[in-house]
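Novice: What TrEMBL lists as domain '3-dehydroquinate synthase N-terminal' is B:66-178. Per TrEMBL, NAD(+) binding site is recorded for B:70-75, B:104-108, B:128-129, B:141, B:150. The domain '3-dehydroquinate synthase C-terminal' annotation in TrEMBL covers B:180-323. As annotated by TrEMBL, Zn(2+) binding site applies to B:183, B:246, B:263.
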């Protein structure tokens with residue numbers, strides 16, 4: 001087991017990364033009060049819920065559960081409210097702990113609920129997908145979607161502790177493992193050329209679910225994100241780099257309807273578009289663009305999106321949070337392993353990069 | 001005009017207190033971005049909305065408005081969502097400002113919406129009731145009610161600036177002015193015996209709406225609250241003193257249904273119950289209890305509540321947030337002007353204090 005500490009001043013917390021982790025021993029120091037609400041979904045509950053209920057009850061906790069339907073389309077205010085209902089119906093007070101057992105949607109919703117319930121209670125994350133292990137376990141971003149935009153309503157809420165158990169990835173559908181690898185690749189592309197070389201060496205085994213290599217990839221990804229977040233917790237600057245591929249990706253997700261493509265799939269194609277625009281701007285070489293396409297394809301991720309009318313695509317991009325005072329900023333690559341946030345790009349080249357990475 | 005600075009480290013902010021304040025000059029330095037959403041209600045909008053829209057437009061801002069129905073019963077998740085709808089339909093991004101123009105309900109909802117929208121945008125408060133001027137303008141508590149409890153869902157969100165304009169109290173119904181005075185009296189009872197003497201001297205003119213005296217009462221109340229909040233922003237200890245009368249008061253409000261009695265009225269009777277229990281415990285004298293009753297009655301506030309079955313009353317008290325690990329804590333008085341948070345009280349005397357301060 002490896003331990004990574006996310007350094008956020010008085011809200012420093014550990015991420016435990018390994019296989020077959022022991023929740024009873026690892027979680028005990030991080031639970032506040034006697035009441036623990038496990039928030040999970042209908043897919044994860046039959047697989048892992050009992051394991052965690054048993055572990056927490058062995059610690060003498062009063063454990064309640066809130067089982068939500070599975071899917072991004074339930075990441076809304078109505079289903080958030082079901083968590084509040086469960087907390088209050090179980091008589092929870094402000095000295096309680098909310099534990100998220102599931103992927104990114106569950107982490108976002110349970111985390112946001114824990115930030116708001118009684119104006120803030122303890123939060124623990126047990127991410128059960130690769131995507132949530134490398135993404136939402138670091139950074140404290142929580143929230144819900146609104147019909148007019150993704151993650152428009154939320155809070156920064158840091159967990160007390162995160163358990164990232166590779167053994168739980170065994171039950172993850174291959175498509176979701178690949179979606180997680182999209183974010184892993186993102187860390188390499190935006191800030192770590194050496195990590196990209198490592199991924200090029202090991203991608204085939206990663207796709208096959210090698211737990212030791214996956215643990216290493218999770219550790220490196222979280223360490224990378226943790227460094228950036230520690231420098232810029234509230235996303236005033238550097239943290240925006242983590243959105244490489246996301247502005248394009250959000251447009252793809254929004255057009256197709258949330259849940260049609262997985263978030264990681266949309267980000268994958270979004271990164272190709274960002275790399276292509278970076279290449280068209282003369283910042284990265286054609287060879288770097290092909291390396292980008294190839295590592296994404298080897299992770300079994302899409303490198304083109306379905307045909308989307310340009311006006312629709314641009315409209316969804318304008319709804320993205322990276323629009324500052326009406327001016328679109330993008331995360332592009334000055335080099336492989338060196339992303340920048342910039343509004344200094346050619347809008348026509350951007351349109352070409354969107355159109356040329358769609359299915360013909 | 002007086003200026004009070006609430007000291008909260010990097011989130012220090014001013015409260016401007018006076019009559020006929022100029023929003024254009026006073027607000028300009030505290031607005032982020034070009035987009036301002038004014039959240040108000042159907043009662044306040046016809047009186048003051050145009051004044052603020054005009055002032056902000058003169059500053060070159062794009063001003064949108066969200067007008068909610070008036071009343072505590074609308075302080076719920078459905079009406080909170082109307083604010084998010086308004087923000088997104090107007091195309092607001094993360095560089096925007098939410099301005100609350102109204103009483104405590106509007107301040108709580110707009111503040112909570114500003115804390116959650118895009119994970120946090122700027123917030124400005126223009127409290128238009130005496131209660132919200134002396135209570136919600138300091139402390140950053142925002143939130144909404146849930147059918148199972150008051151203020152169960154919320155956030156700590158500090159405003160950038162607060163304008164407390166006494167001239168706006170002219171349109172306040174006398175019953176609401178009195179409800180505000182309940183909180184003013186609370187500051188005296190919990191921590192400032194000299195302020196109680198001042199209130200005993202000036203109560204008749206305060207009830208009549210004397211703007212100069214009201215400004216002084218608001219300044220002293222906010223200064224008192226600001227000192228406590230600066231010491232204990234997240235309510236780990238001392239801040240709980242501000243809940244003098246509130247645990248009893250919440251039970252009264254909950255039983256009668258939110259909105260039947262005003263919050264300040266319930267707190268007024270709650271303070272009588274707390275004082276009575278403090279007297280029965282031998283901590284304050286019979287004379288101090290009578291001073292408490294008399295100043296509350298002179299503010300035209302109720303000193304007894306309707307008959308409420310004891311079991312119901314206790315049940316609602318147990319839902320209060322002051323229950324820590326199942327143990328009820330109360331704010332009682334060791335002396336006039338010296339409140340304490342304690343679980344060391346006689347439960348039978350508490351029941352007597354509840355029953356003896358009901359209508360016979």
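Backbone N, Cα and C define each Cβ position, glycine as well.
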Novice: Quick check: with B:183, B:246, B:263 left out, which same-chain residues have Cβ atoms within 8 Å of the centroid of the Zn(2+) site Cβ atoms?
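Specialist: Going along the sequence, the neighbours appear as B:131, B:135, B:182, B:186, B:245, B:249, B:264, B:266, B:267, B:270.
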Novice: I'm trying to understand the geometry here, so how far is the Cα atom of residue B:246 (Zn(2+) binding site) from the Cα atom of residue B:150 (NAD(+) binding site), in Å to the nearest whole number?
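Specialist: One finds 11 Å between the Cα atoms of these residues.
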Novice: List the helix, strand and coil residue totals of the domain '3-dehydroquinate synthase N-terminal' (B:66-178) as derived from DSSP.
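Specialist: So the domain '3-dehydroquinate synthase N-terminal' (B:66-178) is made up of 45 helix, 36 strand, 32 coil.
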Novice: Including all protein chains shown, what's the count of other C-beta atoms within 10 A of the C-beta of residue B:263 (Zn(2+) binding site)?
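Specialist: Step by step: centre on the Cβ of residue B:263 (Zn(2+) binding site), count other Cβ atoms within 10 Å, giving 25.
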Novice: Among the binding-site residues B:150, B:246, which residue has its Cβ surrounded by the fewest other Cβ atoms within 10 Å?
Specialist: B:150
Novice: Would you find the one among the binding-site residues B:70, B:72, B:108 whose Cβ has the most company, meaning other Cβ atoms within 10 Å?
Specialist: B:108
Novice: For the binding-site residues B:106, B:183, work out the Cβ neighbour count at 10 Å and name the residue with the minimum.
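Specialist: Relative to the other binding-site residues in B:106, B:183, B:183 has the fewest Cβ atoms within 10 Å.
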Novice: DSSP on the domain '3-dehydroquinate synthase C-terminal' (B:180-323): how many residues come out helix, how many strand, how many coil?
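Specialist: Across the domain '3-dehydroquinate synthase C-terminal' (B:180-323), DSSP assigns the residues as follows: 105 helix, 2 strand, 37 coil.
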Novice: Over the domain '3-dehydroquinate synthase N-terminal' (B:66-178), what is the model's mean pLDDT?
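Specialist: In the predicted model, the domain '3-dehydroquinate synthase N-terminal' (B:66-178) has a mean pLDDT of 95.
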Novice: In whole Å, how far does the CA atom of residue B:129 (NAD(+) binding site) lie from that of residue B:183 (Zn(2+) binding site)?
Specialist: 12
Novice: In Å, rounded, how far does the Cα of residue B:104 (NAD(+) binding site) sit from the Cα of residue B:263 (Zn(2+) binding site)?
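Specialist: Computed Cα spacing between residue B:104 (NAD(+) binding site) and residue B:263 (Zn(2+) binding site) is 10 Å.
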Novice: Enumerate same-chain residues with a sequence separation of six or more from residue B:74 (NAD(+) binding site) and a Cβ-Cβ distance below 8 A; give 'none' if the list is empty.
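Specialist: Correct list: B:68, B:105.
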Novice: Reported as an integer number of Å, what is the Cα distance between residue B:108 (NAD(+) binding site) and residue B:263 (Zn(2+) binding site)?
Specialist: 14
